[in-house]
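Novice: Questions regarding the structure given below will be posed in turn.
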Amino acid sequence: MGDDESCTKPLGRWPVFYYGVGHMLNDITSACWFTYLLVFLTDIGLTPRDAAAVMLSGQIADAFGTIFSGELIDRFGHFKIWHAAGSLLVAISFSSVFGGCLLCKVVGTNSPITQTIGYSIFAAIFNIGWAACQVSHMSMVNCITLNPTSRVVLTSCRNAFTMVANLSLYAVALVVFNISKPRSSVDIKNQYRWIAYLSIFIGCCFVGIFLLGTKEPRLKHGIQGKVRLRVAWAYWFKKVLYYQVALLYVLTRLVTNVSQALLAFFVINDLQMAQSSKALIPAIIYICSFVVSIMLQEIKWTGKRLKVYFTVGSILWIVSGSAILILPSRMHALMYLLSTTIGVANALMMVTCISMQSILVGEDLNGCAFVYGSLSFLDKVSCGLALYVLESYQNPSAILHSCNLLLGCPSITRYGLGLFPACCSLLAVIVTCTMNLYTTKPKALTEPLLA
């Protein structure tokens, strides 16, 4: 009984902190991946379709990597080993994603098809390591504690450091873009290579803190030596809540990832803002998200409150997306105001959506990695396909034609950043209204978040 009680008590600040920093390497490289990969590849000469193909190859590799990682973690455990191995693979491969084309040097040609294949190979390797790190870290939440409120705190802290990671990236990018003025494709590659190297260094420092400060969860093997039976895949497929949470998670990821990937194109090509804005605007978004994530740690959570806060975040995105659709370039200063709204919306949606996954898992700990892996599979495939379709129809040279003082300049980027996330958010609100979220330990939800 003593062990049972200790696992349901709220966690202290340091265990929450050590866990929260564990995804920093993944987060900072992911921010660079979604914000700058398409920009980088098109700047060095690839067509938007070829650049999207590189991203799609990475997303597909990530999708299958999450499934296999989830299955193996459920079978063998050892979260920290999987996390460390994934982080090592990410650190080694990521610099090559934004570096020179290694396959081009081997083959001796810089043809578009060779560059596309060469960058796609390293994109796939990077995302396999990323998947192993992500699934192991996310599924640890349910095995660290049985306290539902502490699980939300862990998720909120993780999301807060996601914002720190993104802000670190944009700070680095802002310095690099201001110091270095590229005059050729070689200069562009050097710019992004420095951004990649510094991102890896920052992320690895925090991974070291996580590995040293976090203990291997013991709930995976049960309390007081009790063995928890492995949960079969079919068990989850019979639960309506699984499909609801899966759809909600995919829609949330589509909103955040697609908007992040298209934001740099929008502020530069559509709004005609300065080059520094492709670092400054995202930075404002993540500052707001960081502040909101910290504030969410001080709320006493219930299933109903999760639904309410998620709905508020979705409505904010609907409003923001509608404003982006009609924002003319001569009023581009309003993008700074919209970025604050987007930041708040992203934090509300991500923290609450991931916390709903913890409610879905409950105490079925030997199937938690499959849940996170399968949902991430759907997320990666859907985001990859969405960006590939949007980029395939991208035509930067046609943006300034057919401009309208009221509706701005119609473009695929504008529709992808405004209309697409707004529609996803609207559908997410509808799904949320159909959900029945409940917790098995309602008393624990009234305890302080950080003991």
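Any Cβ shown, glycine's included, is placed from N, Cα and C.
For reference, TrEMBL lists these features for the protein:
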TRANSMEM  16-39  transmembrane segment
TRANSMEM  81-104  transmembrane segment
TRANSMEM  116-140  transmembrane segment
TRANSMEM  160-180  transmembrane segment
TRANSMEM  192-212  transmembrane segment
TRANSMEM  241-267  transmembrane segment
TRANSMEM  279-296  transmembrane segment
TRANSMEM  308-327  transmembrane segment
TRANSMEM  334-357  transmembrane segment
TRANSMEM  415-438  transmembrane segment
Novice: Same chain, outside the transmembrane segment (81-104) by at least 6, Cβ under 8 Å from its Cβ: which residues?
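Specialist: Residues 22, 25-26, 29, 32-33, 36-37, 40, 58, 69, 72-73, 110, 114-115, 117-119, 121-123, 125-126, 128-137, 189, 192-193, 195-197, 199-200, 203-204, 207, 210-211 contact the transmembrane segment (81-104) from elsewhere in the chain.
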Novice: Assess whether the transmembrane segment (160-180) lies in contact with the transmembrane segment (415-438), where contact requires at least three Cβ pairs under 8 Å among residues 6 or more apart in sequence.
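Specialist: They do not touch: fewer than three Cβ pairs between the two stretches lie under 8 Å.
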Novice: Test of understanding: applying the rule of at least three C-beta pairs under 8 Å (pairs 6 or more apart in sequence), is the transmembrane segment (415-438) touching the transmembrane segment (16-39)?
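Specialist: Contact between the transmembrane segment (16-39) and the transmembrane segment (415-438): absent.
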Novice: When you scan the chain for residues with a C-beta under 8 Å from the transmembrane segment (279-296), skipping those not six or more beyond its ends, what do you find?
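Specialist: Result: 31, 35, 152, 156-157, 159-160, 162-164, 166-167, 170-171, 173-174, 177, 260, 263-264, 267, 273, 309, 335-336, 339-340, 342-344, 346-348, 350-351.
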Novice: Below 8 angstroms Cβ to Cβ, which residues of this chain, lying six or more residues outside the transmembrane segment (415-438), approach it?
Specialist: 241, 244-245, 247-248, 251-252, 254-255, 258-259, 262-263, 266, 303-304, 306-307, 310-311, 314-315, 317-318, 320-325, 345, 349, 356, 359, 386, 390
Novice: For the transmembrane segment (334-357), what are the same-chain contacts with Cβ under 8 Å, counting residues 6+ beyond its ends?
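Specialist: Apart from its flanks, the transmembrane segment (334-357) reaches 138, 151-152, 155-156, 158-159, 162-163, 245, 248-249, 252, 255-256, 259, 267, 271, 273, 277, 281-282, 284-290, 292-293, 296, 301, 306-307, 309-310, 312-314, 316-317, 319-320, 323-324, 327, 371-372, 375, 425, 428, 435, 437.
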Novice: Give the nonlocal contacts of the transmembrane segment (308-327) in its own chain as ranges (CB under 8 Å, at least six residues past its ends).
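Specialist: 248, 255, 266, 271, 296, 299, 334-335, 338, 341-342, 344-349, 351-353, 356, 406-408, 414-415, 417-423, 425-426, 428-429, 432.
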Novice: Within the same chain, where does the transmembrane segment (116-140) have neighbours whose Cβ lies under 8 angstroms from its own Cβ atoms, ignoring anything closer than 6 residues to its ends? I mean 6 or more beyond.
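Specialist: That would be 19, 22-23, 25-26, 29-30, 33, 37, 41, 46, 50, 53-55, 57-63, 65-66, 69-70, 73, 79-80, 82-83, 85-90, 92-94, 96-97, 101-104, 158, 214, 217, 354, 357, 368-369, 371-373, 376, 380.
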